[in-house]
Each structure stands twice: as structure tokens, then as C-alpha cells.
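Before I ask anything, let me first share the structure, which is written out below as C-alpha cells.
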Ligand SMILES: CC/C=C\C/C=C\C/C=C\C/C=C\C/C=C\C/C=C\CCC(=O)O
Ligand SMILES: [Fe+2]
């Protein structure tokens, strides 16, 4: 009683095709019919068929798929099924059934049509029921686990092999990821061999391992790392732009000895002028340092005071390496006027502390682990036809696998942190715990975070500028989509799946983060938009801003030493021997360079922000919103490129074409 054209689209990456047979059914409101097609599921191909169906199916609701095999199971990646219904008046009506999943095993997969969510209360509750069944299954596939107490929950998986195929790396990504690591290990072997024959006594000796692939900015770091303005610059626009604050008073931990009265006066003057800034690493105070191959490493918890010059340069004025401690003499203040090696070592200590807070707090916790909570909650709470699922899923690609790998190779017992980082051996977990305990909702939202840190309206604060622009662009995109589906606040309030998702993130995934400003429900469209903007910003722009700099700023090891092998200086007598005995040894330095390159380099299969190919939504409204998003991103791209042309040091981590659509590395 009807004629249909059916298109079956197979994914285009390796192994997407399949030799197995797939059976297809069209499911309408009144009846369903098997199509009896013989599909050739070739990678990257679309196959079209015309079929006649004798029953009256009524309006089409679902397509059902079932893969069967004789001997060999061969998973198939289905992009989507599209059906055109021939109407009486030859006009065709197109109906989309997005899939973008692996079809494995011989279970039935049921794809609701793309606009199902709008009709969930109609068609006899069939969509509703489908959504409930889907969630029931997903809740068994994606379970929460406590990897370590005091950290956000993670996905239950002992290794990446335990993860569902749909969230695993595709073959190309896996080969690239594992291949570059292997190549990096070869590099290390060669460098160690080479340095065996040479001495390791002066800072220039680090040149012996400073070869292989490195960026132009890394070479500039090599050249300029000792300069004070270069040191200051990194707090604004380096690998970790998240710590600096404008001072509102002199920090209480800053004890200025009477002989430095002049410094006190200067600090107070800068404070009054609004040009005084601070970077406080107190979170590291008292953290146990690692023991690497029997040698105790050391940690500091510095405070750096900086002033901003009229030309926008940020210059360090004083460094206190440890907080004062009752019963001990006051910690010394290191100054730019100190002997040059003394000052250099004090700055190196700050850079080492920044490495810890950057990697553990800004990078791992505030992008990777938080994004994982969004990912698991999304899989558990939002059915595939839910608009927020469709909006977020492209921004969650590969995150569960990269994080699972981090838990088994990077921050695990015996992992990279234990091997070469001074917080390793458990201290790193304490830092993560402390950072989790003070993680606020505001700190994940640049308009608030930058205001709280007093960093608005500073022309030389390029991260801040670009982050705000991106926040606005993402926010407009989110609002565009949300307003298509939520006509008023009441629709938000009465969406039980959405409310459960919010609650699951805050109360379960983030372990009771409502105390730190995270919402447990959404009362309005605006609250929903703000939260979803935060999710997308975190998974895209923020991660790119924090991740890419590893390549540039961590390749020249003295600029950001992964460990310190001697205690922080307590006097100003510093020799070159002390500096070299403190900085990482050859092996530690080599491993840092390799991992920084591995994690910071451009990802070959990267999808730029807003340019995913999957089409989960149907209809012109959504297309227009997405086009607008892409145009806004292009405009920002041009602005940043033009700005950077005039800069001595370009800032490109938040250039839209370099921002990945999700956390994949
Ligand atoms: C110099 C960089 C040193 C440490 C990097 C620290 C934190 C990075 C934070 C998040 C990165 C997330 C995931 C990366 C996961 C695994 C790759 C790392 C090492 C793999 C080593 C291996 O597989 O043998
Ligand atoms: Fe990362």
C-alpha cells in the first residue's frame, strides 16, 4: 500500500563496512514491514532502494535493524537511514533516522525518526516507551565508578577494552595514538644514548635533547625562557591562564621582612593603581612529594606577585616559594634583583608548581574529568531522540576512552606521574582531591571566572578575550537549538529526563557539587542554556586552550620542569650545580618532552569546533542555527588571525579552526 525509497549510509572510517547481512524493517503507527533488501554495506557508501509495501504502515515512526552472521561477526557502522515516502501526488516526503552507531551482535536496533522528541506524547507513547527502553540498556552499559574517593566519578571500565564500541577510538585514531607513543619511546632511547656520551652540567646541556619535532613557539621558549616578561606572559596567555588574579589586598601569606620596606611600598602602590596581580599555588602546600627510583623529589607551594606595565606586560616583583610556617623562620622572598641564578631557580620552582596545577587542576580535573561526568550522565539520562543528547553528543566523542587511558597509564600506580613528576606517587591524587573539593560552577564559566579573577578588559589578556568571545558564540548556538525545542520555561521545568540529567551530573557525577554552585534542576530556559554552554565550552574551547600549549611550553624542559630533585632554596646562595641537580635528569626530561608532544600535537583525525558531520537533527531551523554558529566561528577566526599578525607572540589556542569538537587527547 505504499512505495518507499530507502537510503542506507555506512560510515567512512576504517572497518565501517561489513560483510554480514542486515535486515531492515519500516515501523509505522499501524503496522511494520520487513524490507527484504540485500544490503552491501560498503565503507563510505550510500545505497538506495525502492520498495513496495503491501500493508498500510501509517506514519513512519522507526526503522529497525538486525544484523545476522554465519561464521564471522563483522560490526557495521551505520550513519543513518533515510526514507522517502511517495505521496499520492508524487511529492516525496523525506524522513531521517539518524544512527551513528555500531551495529554489533544480533540484537535489534530501533531508530526513531529524527523529530520523534516533538511527538513523544503522541503516537500512543511509543517514542516514550522506546526512550525508556533505550535508557534502561544504556544504564547497564555506562555505569558510574569511583576510581578514587574524592574525585568526580568516572565510567566503570578497568581499561579502554571494557568500553562500549560506540565510545572507543576508531581504528585510525588508535593506530595513530599508539604509533606516536612508540615513536616517542624510540626518541627517548636515542636521546639517552646520545647524552650518555656527554656531560649534563649546564643549562645548555638540555640542548642535547632538544631535537625532533617541535613548534616554532617551542623554539622561542628555548630562546626567551629566562626573561622576566616571558615568565609573566605565561600567566596570561601560556599553557595555564587559569591561576592569575588581580590582587584586591596584599595576600596574608606574604611576609615582607623589614629590610624590604621598599618592596612593601611598591606593592601597595601597584595595588592602589589596580596593577598588582598574584599567582598563588597554596593548593600544593603540604602535598607529599614523590620518590623516584629511591630518590626523594621535592615540592613547593609558591606565591608570585606581579605588576602590569602600561604596555600590558606582566612582570614578576617577588616570589615566595613556601607559605610561612609557625615555628620556622619566615620564608625568603626572591627578587628580580637577586643574583641571576638565584632568581632563575626561584622562577623554575614556580614553573614546576604551575606544571602541577596546570596538568592536574586545569587540565585533568576541569576539562577531562568534568567532561567525563557530562558524558556518562548524558548516556545514562538522555535518550537518543532528546535534543540535548543530540546537541552534546558530538562534543563527547572519544572522551571516555582517553580518560580511561589516563587512569591506566598516566595517573595510575606506576604511570607517567609516578615515573617522572614530583607530585606522583599519590601526591597527584591529593592535588586532584583538593582541586575537586574547591571546584565551583562559576570557575567553569569564563564570564564569571574572569570577572572573579579581575581579568576583564585587559588588552594583553588574550586567552581571556578569546574565551569570552567563544563563550558568547557557543551560548548563541545553544540558545538557538534550545529555543527550537523549549518554547517557554515551563517546558524545561516539566522535562523529567533533562532534570534527571542535571541532578545526576551535580549530585552523583560531581559528588554533591550543589554546595559549589552547580544546579540540581533547571527552572528556566536561561539556566538550561547557561549550563549547556558551560558543557560545550569545557569540552571544546577550554580543553583546547589548556591542552595545546603543552606542545609549545613544555618542550623546553627548564621552562616547565616536571619534577624537582632537590629542596627549594632557602637562601640566596645558588650555584649552577644546585640548579642542575634540581632540574629533571635526562630520562625525566626526555619523557616530559615525549608526552608533551604526544598530547599537545595536532590530532590527525581532529574535527574542528562546530564541524561534525553527524546530523542528528532534522529540519531547516536547526540547519540555520548551525550555519550561524559556523559563521560566527569564522568571523572570530579572521579576527584572531588578523590580531596575531601584529603580535610578537601570537596566541592561537582559541582560534576556532584549532579547537577540537571534543576532548580526544
Ligand atoms: C609533560 C606532560 C606530562 C603529563 C601530562 C599530564 C596530564 C595530562 C592530562 C590529561 C591527559 C589525558 C590523557 C592522556 C592519556 C594517556 C596518555 C599518556 C600517556 C600514555 C603513556 C602510555 O600509554 O604508555
Ligand atoms: Fe587533554
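Glycine is treated like the rest: Cβ placed from N, Cα and C.
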Quick check on the annotation: TrEMBL has 74, 75 binding Ca(2+), so which of 2, 17, 131, 150 does it put in that site too?
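Answer per TrEMBL: 17.
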Looking at TrEMBL, 363, 368, 665 are annotated for Fe cation. Which of 465, 483, 530, 543 sits in that same site?
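Of the residues offered, the record points to 543.
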Determine the most Cβ-crowded residue among the binding-site residues 363, 368, 543, using a 10 Å radius around each Cβ and all protein chains in the structure.
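That would be 543, with the most Cβ atoms nearby.
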Work out, from DSSP, the number of helix, strand and coil residues along the domain 'PLAT' (2-117).
2 helix, 67 strand, 47 coil
How many other Cβ atoms are found within 10 Å of the Cβ atom of residue 75 (Ca(2+) binding site), counting all protein chains shown?
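Excluding its own Cβ, the number within 10 Å is 16.
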Taking the Cβ of residue 102 (site 'Essential for stabilizing binding to COTL1') as the reference point, list residues of the same chain whose Cβ is under 8 angstroms away and which are at least six residues distant in sequence.
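Within the chain, residue 102 (site 'Essential for stabilizing binding to COTL1') has Cβ neighbours under 8 Å at 75, 76, 77, 78, 165, 166.
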In the three-state scheme derived from DSSP, which category covers residue 543 (Fe cation binding site)?
helix
List, in sequence order, the residues of the same chain other than 363, 368, 543, 665 whose Cβ lies within 8 Å of the centroid of the Cβ atoms of the recorded Fe cation site.
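Counting only non-site residues, the set is 364, 367, 371, 402, 546, 547, 599, 663.
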Anything from the recorded positions 17, 74, 75, 102, 665 with its Cβ under 6 A from ligand 2? List those in sequence order.
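With ligand 2 as the reference and 6 Å as the Cβ limit, the list reads 665.
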Taking DSSP as the reference, which of helix, strand or coil describes residue 368 (Fe cation binding site)?
helix
